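Enquirer: Next up is a structure, given as structure tokens.
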Amino acid sequence: MGYLPQHSLENLKKYSYKAVDKSLLSRYVLNPFWTWFVTLWPVSVAPNTITLTGLSIVFFNFFTLIYYDPLYLTERDGENVGPPQWVYYTWGIGLFAYQSLDAIDGKQARRTGMAGPLGEMFDHGCDALNTTLEVILASRALGLGRSWWTVASQIATLANFYLTTWEEYHTAKKAPPASRDWWFRLVFSTSLAISGNSFSSNSSVEKRMDIDLPFRVSRIPLWKRCIFLQRGGSRFGSSIKWESSNFPVWYRASLFRGRTSLAPVWGSNGHFLYHLNVFRALCRLSFQSQLFLGYFSGPVEGIIMIVVIYLITGYYGTGFWEQRIWTFTGLSRVPLINKLPNLPLNEAFMVFGAFGLAFNIITSYMNVRRAAKALKRSQEQFHTPPLLLLLPFLFTALLQIAWLSHPKFDDSYIIDSAAFVPFLCAWGLQFAHMVGRMILAHVTGGREEGRFPIWDWVWVWSVIGAVDANLPLLGIAPIIQRSQRHTSYFVWLTLIVSFVAYARFVTLVIGDITNYLGIACFTVRKKDEKGVWRDAVPTGDKRQ
């Protein structure tokens, strides 16, 4: 039995993706590099393979940390000397490689014709895993180690990721109902009748039509609409698919090197008949996901900043971040500034990150608010107030804090032991499972049905751990976590369960999507009409 119901699978074909990136660094520096970098990859390499390669590099960096510093102790903790300084250079190179590979997978998908919801699901899943791994690595490079500052970094980083997913879920665009484009249907049907043989005919009868239209038809001037469709719009990313068995005419859209040619056929005699009903489909456009990246965003500037942190630590060591910020910057004698706390550089970095998180919260909220107003104008509304859907993340964050506070906030069994890193990994896997279900609900049209995943069963283990750890508040001794060793055992059990749950989720979802859409995940293959897997490498590309 599959993970996704049939109606959710059908919605996959209505989905399209668009990103808005305002980053100047991305536009003028990184994107030209990415555009060149993707050309080094043969079209026989699947885009998800590129994404997985990037994640594998991050896992390699993580394993070097475990090898050199399995207890996750900083140099200031005593005898620990930490990883060799050259290791931090490899972390910086590895993270930049991950960013580059993560950026070109979409370009590779368009080169190979493998773009679709599976790619977005896989990309976001890898990003969710990378988020926690980089928190662990960056906190070690900053010399934070086992501390509440690392916990704060985890919360802030996951919150940014959750906000981006929450925003994307609520800002997906959907075309207006057919009744609002009746002028378009009338004008274009007249154009078809006049243009006649300007469209290529085809004697075969197809019952499915694909046309690329990534925006609302109602926003296009009437005189341009016919021109656009006659010239084709296949260079854009979204597509419309519908069954035309209810129409008296079958239309076929053939894709030839960026052009979409319509071939309406009636029987085998090639007689061109045009019917107004076909334009009902044009007014039921696919819903389009919109990812907003501002002038400063985590996937671009945030990652570059962490790369710089790794390089600085590689050169100066973690002790560099123990310097006081006003002393280091020479501002300690400036009036007003000398009255502010003279924090170490690593802690100051966390404070600045908090301000960045606050800015991202406001920005995401404003984007969602605009989307809500647009829905209201179209006489629709969200099933649940968007702000309420931030509560699941807040609940999980408070849940983990409550567990970490055992037996005391300043004397935590987990933070002060080798179980801290497994705890963060379990937390990250649970988070990846949660946002994975959010993205899945999004790409399968869950917003229209109000299917936002408010509860995730993998939290049960954290709930048990938090409740058991805080039983002393009720005058009851913990049942499971009676000692630090028992706490470590339960943390490791939570990690195993979280890993199995997430692995099961990923396997089932990939299996359902690949089988339904007829596309492979790690190879450039598609199913033909008979259900047989065939290579889908573009024949016009010489680098196969």
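Note: Cβ is positioned from N, Cα and C throughout, glycine not excepted.
The transmembrane segment annotation in TrEMBL covers 50-68, 292-312, 348-366, 387-405, 417-436, 457-477, 489-510.
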Enquirer: Ranking 50-68, 348-366, 387-405, 417-436, 489-510 by the number of C-beta pairs under 8 Å to the transmembrane segment (457-477), which range is first?
Expert: 387-405
Enquirer: Of the listed stretches 348-366, 387-405, 417-436, which one has the most C-beta pairs under 8 A with the transmembrane segment (489-510)?
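Expert: Comparing 348-366, 387-405, 417-436: 417-436 has the most Cβ pairs near the transmembrane segment (489-510).
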Enquirer: Would you mind listing the long-range same-chain contacts of the transmembrane segment (417-436), meaning Cβ under 8 Å and 6+ residues beyond its ends?
Expert: 66, 70-72, 121, 124-125, 128-129, 131-133, 135-136, 146, 150, 154, 158, 161-162, 165, 392-393, 396, 400, 404, 453, 456, 458-459, 461-462, 484, 487-488, 491-492, 494-495, 498-499, 501-502, 505-506, 509
